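Participant: I have a structure here, written as structure tokens, and I will follow up with some questions on it.
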Amino acid sequence: MKETPLSNCERRFLLRAIEEKKRLDGRQTYDYRNVKISFGTDYGCCIVELGKTRVLGQVSCELVSPKLNRATEGILFFNLELSQMAAPAFEPGRQSDLLVKLNRLLERCLRNSKCIDTESLCVVAGEKVWQIRVDLHLLNHDGNIIDAASIAAIVALCHFRRPDVSVQGDEVTLYTPEERDPVPLSIHHMPICVSFAFFQQGTYLLVDPNEREERVMDGLLVIAMNKHREICTIQSSGGIMLLKDQVLRCSKIAGVKVAEITELIQKALENDQKVRKEGGKFGFAESIANQRITAFKMEKAPIDTSDVEEKAEGIIAEAEPPAEVVSKPVLWTPGTAQIGEGIENSWGNLEDSEKEEEEGGDDEAIILDSIKMETGEVSDIGNQDAPIVLSDSEEEEMIILEPDKNPKKIRTQTVNTKQEKAPSKKPVKKRKKKRAAN
């Protein structure tokens, strides 16, 4: 995805603001954005925030064979990655000209300046040396990538601890952090890059340009310096001609900024080391500010509960007692009731289906009555309360046990209802016709 170009109106607005010595974020000409450093749970992992530009630094180590021309020196390797997560214009899997330029500038700033003692990384001369790899990932791009990357690289190197080793004859023993404490790297000085943006062919100067200011600038000057005011590297890009006085003025400004950033880095390292020794909480989760959506914890506020009972009793005493109202049940139909106020119960209203069922029940009763009237073959045997049993079988013997009487055998003749159903349909039809006429 190509980078969205600025419109002519935006470009004119930015240049007009720079001519009036104003910036979009409210900074002055020589102001640096706020620098925030946070460390991970492992040694050598850190995140550096330069305004909204964020860079993640991770240092790792490995025992390898040394180079042939430098048998007693360790190896330093720097790798900067620009992913689409930082900006849509960055293409994955492809090294752009910007990426190549930034990697070369980092190597000149950190490796060629001899800020790390590479001879201390040698384990066995000509056989085993430590290879220190610094991986830098750009998390968010808002301008001035090289400054944030250089700060993240030197902070991660200062925070890193390599495993301890011992050599006995030809055997090299590598100790875990539980067996022996890891060993920090030997760092002589901390070079830090400071970027200067020039506008209108060097007429106007800005320190730490953001992403929009980088789009309209004519040239860029990067000075890498340590707190001893020693220039480690200097690079000018953009094709503009700078005067000697301009370069000297930029170097003086860079000396002040580097001293401030170096002091900030040392304080951050001391605080992290102090928290780790005391056994406190550390890591990226602890560096997130409280009372935010992404916060993992919130501070507990003390609550005074000494006079809660007194306040509750006072509120109850002042409140009016509720009215004693006894709700009476409302009988809508037999078998249903409603207590209290509410919507009228619809269960009491008989629906059409229920009415049809009742009419069907009356028809069944009429059919049974007609069956009883036409079949008078069942005789009363014994008492009048003798039961009448209807079944499909022709004969059935029943024994009725009655108190204070001997059991009697009763033989009843059953009525085959199937044969009698046919003549009983005619009066039913007549009754239905009479009802329809009424």
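Using the three backbone atoms N, Cα and C, a Cβ is placed for every residue, glycine included.
Annotation comment: TrEMBL describes 351-362 as compositional bias 'Acidic residues'. Per TrEMBL, compositional bias 'Basic residues' is recorded for 424-438. Annotation source TrEMBL lists domain 'Exoribonuclease phosphorolytic' at 32-163, 189-254. Residues or ranges marked as region 'Disordered' in TrEMBL: 341-362, 399-438.
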Participant: Please count the residues of the domain 'Exoribonuclease phosphorolytic' (189-254) that DSSP assigns to helix (H, G, I), strand (E, B) and coil.
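Facilitator: For that range the per-state counts are 17 helix, 26 strand, 23 coil.
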Participant: Can you tell me how the residues of the domain 'Exoribonuclease phosphorolytic' (32-163) break down into helix, strand and coil by DSSP?
Facilitator: 34 helix, 50 strand, 48 coil
Participant: Where does the mean pLDDT land for the domain 'Exoribonuclease phosphorolytic' (32-163)?
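Facilitator: PLDDT averaged over the stretch: 90.
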